[in-house]
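Participant: Pulled these features from Swiss-Prot for this protein:
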- 12-18, 40-42, Arg304, 330-332, 412-414: GTP binding site (BINDING)
- Asp13, Glu14, Gly15, Lys16, Asn38, Ala39, Gly40, His41, Thr128, Arg142, Gln223, Thr238, Arg302: IMP binding site (BINDING)
- Asp13, Gly40: Mg(2+) binding site (BINDING)
- Asp13: active site, proton acceptor (ACT_SITE)
- His41: active site, proton donor (ACT_SITE)
- Thr298, Thr299, Thr300, Gly301, Arg302, Pro303, Arg304: substrate binding site (BINDING)
Amino acid sequence: MTSVVVVGTQWGDEGKGKITDFLSADAEVIARYQGGDNAGHTIVIDGKKFKLHLIPSGIFFPQKISVIGNGVVVNPKSLVKELAYLHDEGVTTDNLRISDRAHVILPYHIQLDQLQEDAKGDNKIGTTIKGIGPAYMDKAARVGIRIADLLDKDIFAERLRINLAEKNRLFEKMYDSTPLGFDAIFEEYYAYGQEIKQYVTDTSVILNDALDAGKRVLFEGAQGVMLDIDQGTYPFVTSSNPVAGGVTIGSGVGPSKINKVVGVCKAYTSRVGDGPFPTELFDEVGERIREVGHEYGTTTGRPRRVGWFDSVVMRHSRRVSGITNLSLNSIDVLSGLDTVKICVAYDLDGKRIDYYPASLEQLKRCKPIYEELPGWQEDITGVRSLDELPENARNYVRRVGELVGVRISTFSVGPGREQTNILESVWASI
């Protein structure tokens with residue numbers, strides 16, 4: 001039994017897809033356990049970029065099984081489109097498996113997402129308008145439609161009719177919006193179900209059988225710990241649990257079967273959308289990091305907010321997700337800066353604190369306390385070991401590990417597979 005969980009430790013966009021792709025080389029099964037097509041991950045293979053939103057990064061390894069677990073909310077339209085994209089690129093998807101217990105995103109979820117966000121006015125939370133939240137709402141309310149239901153024509157028709165009637169009353173009475181028609185949705189989405197049914201199965205059985213057989217299983221999280229609905233900057237969060245604990249619920253494996261948790265972070269911080277961000281930069285340095293790091297959302301295309309590395313956030317993520325190893329990405333983006341800063345604590349009303357407050361009002365008053373380190377001017381994109389890094393960059397990497405309190409297993413100096421440097425093999429240490 002050998003398993004590794006990959007989680008984002010910031011607000012998403014940390015490079016989880018790249019690290020999952022890297023670790024997938026030694027895995028036999030790769031599984032997603034939460035989120036939906038609101039997540040975006042970019043994988044670079046032989047210099048070519050592939051952008052995925054729903055299908056696990058392991059799909060590029062035809063001999064390995066890629067799993068969409070029961071905790072994922074699946075938009076069949078997006079899934080069929082992504083499958084077609086991969087097929088057009090010559091990528092086989094015969095190794096994909098989709099949980100029959102995963103819930104389905106339907107057009108009324110997306111419409112409701114938009115209406116709810118518009119109604120918030122200046123209090124928007126920055127949703128991607130993908131219907132993720134409303135789909136999880138239906139799941140919790142026990143009125144959701146699962147993949148298993150989508151494949152059964154009579155059950156799908158019955159549940160869609162009931163749900164659509166309820167949602168249309170909401171659209172008309174509360175939001176003064178146009179109702180949706182049953183026939184078009186039913187025909188379109190039932191057809192999508194038939195297109196994907198070859199991949200549908202009980203993925204909990206596949207995952208547990210693999211673990212019991214001693215195979216290496218890699219669990220791939222979406223978003224990040226700071227977007228977790230319980231542990232993140234609520235309400236500016238996603239509607240699921242990206243923390244490592246989400247694996248057990250979202251994939252159907254027990255907690256005793258998790259061996260390692262790899263936390264992925266960037267050498268700085270970024271986030272898309274609204275919400276607290278203590279180390280956010282509004283100056284030329286911030287703009288430089290955004291441009292050099294190409295900090296624009298994979299899903300939305302929106303410019304990401306950027307800031308200095310926040311070790312307070314990272315220690316929070318380490319604690320609530322049980323992180324055992326750290327993967328530090330995008331060190332190259334900081335090249336050329338005379339000084340680099342790391343937030344080591346916050347000043348809250350004149351008191352130094354080293355924890356991340358739950359209160360949004362307190363977070364507004366938190367001022368980052370920085371430790372300044374000398375920067376480096378060298379181009380490090382060709383570095384292939386820690387010793388090859390300039391001394392100042394090497395010191396930065398070491399200081400990050402010290403402040404977070406987790407050993408760094410890999411560091412990356414660019415988006416390519418070959419730009420990921422191993423300090424300690426995660427698989428070998430299990």
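Numbers here mean position along the shown chain, with the first residue as 1.
Glycine is no exception: its Cβ is also placed from the backbone N, Cα and C atoms.
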Participant: In terms of Cα spacing, which of the recorded positions Gly12, His41, Pro303, Val413 are within 10 angstroms of Thr128 (IMP binding site)?
Facilitator: none
Participant: May I ask for the distance between Pro303 (substrate binding site) and Lys18 (GTP binding site), taken between their Cα atoms and rounded to an integer number of Å?
Facilitator: 20
Participant: Relative to the Cβ position of Thr128 (IMP binding site), how many further Cβ atoms are located within 10 Å?
Facilitator: 22
Participant: Please report the DSSP secondary structure of Thr42 (GTP binding site), reduced to three states.
Facilitator: strand
Participant: By a simple count of other Cβ atoms within 10 Å, which of Asn38, Thr42, Gln223, the binding-site residues in the record, is least packed?
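Facilitator: Output over binding-site residues Asn38, Thr42, Gln223: least Cβ neighbours within 10 Å is Thr42.
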Participant: In whole Å, note down how far the CA of Gly301 (substrate binding site) lies from the CA of Gly15 (GTP binding site).
Facilitator: 16
Participant: What is the interatomic distance between the Cα atoms of Thr42 (GTP binding site) and Gly301 (substrate binding site), given in whole Å?
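Facilitator: Approximately 13 Å lies between the Cα of Thr42 (GTP binding site) and that of Gly301 (substrate binding site).
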Participant: Radius 10 Å, atoms counted are CB only; among the binding-site residues Gly12, Gly301, which position scores highest?
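Facilitator: When each Cβ's neighbours within 10 Å are tallied, Gly12 leads.
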